[in-house]
Structure formats: structure tokens, C-alpha cells
């Protein structure tokens, strides 16, 4: 397709005039995905998926490969930025009622699950202490599945313990899943433009729209510049800020770390898992903490789409955000009082948002009718 057709297509794409900066994070996620695929490819060229050589190959990339340190740090910090952007993107969808576009919301949730799986497999690849033990703890949750659990776990591991076959298949999955993410992203964008973007007021934008290019392209470029600046500053000045000190030691199955935890972007789900003192219950809560956002389009009872004019729902929304942060913080702490009590309370409040949302919507409808 000639370039001028692509420019015309973007130029003629009608977008609401009043969409705010919160709508920029979709394009930020696309930029993060391109960055991750590019840096990931160059890292995969030098990486060795072998339990004896994986840790050494990471050191080789960092020390001997030209600009290998930059690719590795950019890839690791890029993953954190990816999750920051996706969590903001989801929060915006919850606040402004974007979930009412059901097909887009469902494809987006599928994308989130695929992204989380990809990031989890990537965290295992350096074969450090925390990589090994996080893989052991999380994959071991499959044994909680009644009847099939043990067989599923052995099938996933490729043996009776995490070993060479596990690392090889995790590397294969980590390499192939980003291409599935690209396909799902294309579907997500296609489904979005079938109906069009929402706006902060939650009203129909058909009467007041402007071309995507040049207005929104420049707006997106501004945030993209800020994102890249933040990424490069972190990569060059604080490259290990997101790393766990335990992961600088090679995986040792005979020594258990004092406190096993995954990367920060999984801590909210891990905190919910840990707060339930039952293996099956914890595993179900972990899955529910992510899948529950799929229920949002079906539990929306408010006559107004956005939370802009719904103060009660706003209060619950910001409670959800602070709860998310509280669970993330509590999950970094040891399994002992008062952290367990904090995790359990915060987990209850987290799920309460999704249960109370339809009730609050109904109450707000009643209040609006009386005014």
C-alpha cells in the first residue's frame, strides 16, 4: 500500500475532540510492544536456553556483546513500562466506561492474560535464584487442579522437576507469544474502530470529531517522547532498580530464598494468592483477580457511561487503585502479621469494587431521578 494511502487513512480517521491524555496509552503500548520485540530478538540471538549456560549467557550479553547491556536493561525496564502503561490503560477503561464496548474489552482482557504469561516466561529465562523459585512456586499451583493437577504440572515441566526441558519450552513460549500479542492487538484496534473511541463525558462523539492526523498524532508523540526519556534515564542511571538482588545469583535448587516473590507487576495477583491459606482457594483467587474485569460490561447498571458525574463510583474506583497499590506493597513483605492481615483486608476490598459497582450504579440512577 503506497504511503499516501496510509496517511490518508489516518488523516480521515475521526476522533472525538475532547479525549484527554488518558487515551494516549494505547499508542504507548504499541510503541512498548515494538520496542520489546526488537530488543527481545537481539537478546534471543545471544541467549542459550540451557540450565547450565543460561545464567552465563546473560553475563556474556551484559559484558561481551556490543551494547548488550543496553539491550538487556532496555528489555527489562521496557517490560515494567509496558505494565505501567497497561494498568493505566485498564484504569482509564474502568473509569470512563470503555468496557461497554464489549468486543474490545474482551479482546483487551485476553491481551492482558497473554502479556502476563509472556512476562512470566521471560522472568524465568535468566535462571537466577528468584527466577527458578518463582517458576517452581507459580507452576506448582497447577497441582491444585483436582484429579488432573499432577499430570498437568509434570507435562508443563517436561519431567518431575523444573529442569532443562522446562527452560527450553519457556524460552520457546516467550519467543512465540509476542507474535500472538501483535495479532491480538490488531484485532483489538480493529474492534475498537468498529464503534470508535469513547470520551471523558461518556457521550456520543459523532457530532464533534476531528481527524486523527495531525492533531492526535502530535499529542501521542509528546507522551511517547516523555516515555522514551523516562525509559532511557532509568536504563542509563538506575538499570537495576526493578531487579531482585536474589536474581544476581545462579539458580540453586538446594537453597530456598528467604522470601519468594515475582516481578512487581504480578505482586497484586500474588498478594491475593498468598492471602488465602489454601492452595486451591488461592489459585482460584489469583485467576479471579484478573478474569473479574471481564464481568464489567455485564454488571454496568448506571444510566451514565463515565464515572465523571458519579461521585460514589469515583470513591470506589480510587479505593480500588489504592487497594491495588496496598496489595502490591504487602506482597513484597514476609508471610507474617501484620502483612497477612493487610493483604487479606485489601484483597476483600479489591473484589468488593466489582461486586458493589452495579449496586452503586443503581443507587446513582435513583438519586438522579429524584433531582
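Glycine is treated like the rest: Cβ placed from N, Cα and C.
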In Swiss-Prot, which of the ranges 249-269, 312-332 has the transmembrane segment annotation?
-> 312-332
Swiss-Prot tags one of 170-190, 191-211 as transmembrane segment - which one?
-> 170-190
If you count the C-beta atoms lying within 10 Å of each candidate's C-beta, which of the binding-site residues 75, 89, 174, 188, 193 ends up with the smallest number?
-> 193
Could you tell me whether the transmembrane segment (105-125) and the transmembrane segment (170-190) are in contact, taking contact to mean 3+ Cβ pairs under 8 Å with a sequence separation of 6 or more?
-> yes
Compared by Cα position, which of the binding-site residues 75, 174, 193 is the closest one to residue 89 (heme b b566 binding site)?
-> 193
State the residues, same chain only, that lie 6 or more residues beyond the ends of the transmembrane segment (105-125) and have a CB under 8 A from a CB inside it; answer 'none' if no residue qualifies.
-> 47, 49, 54, 79, 82-83, 86, 90, 93, 98-99, 131-132, 134-135, 138, 166-167, 170-171, 173-174, 177-178, 180-181, 184-185, 187-188, 191, 262-263, 265-266, 290-291, 293-294, 296-297
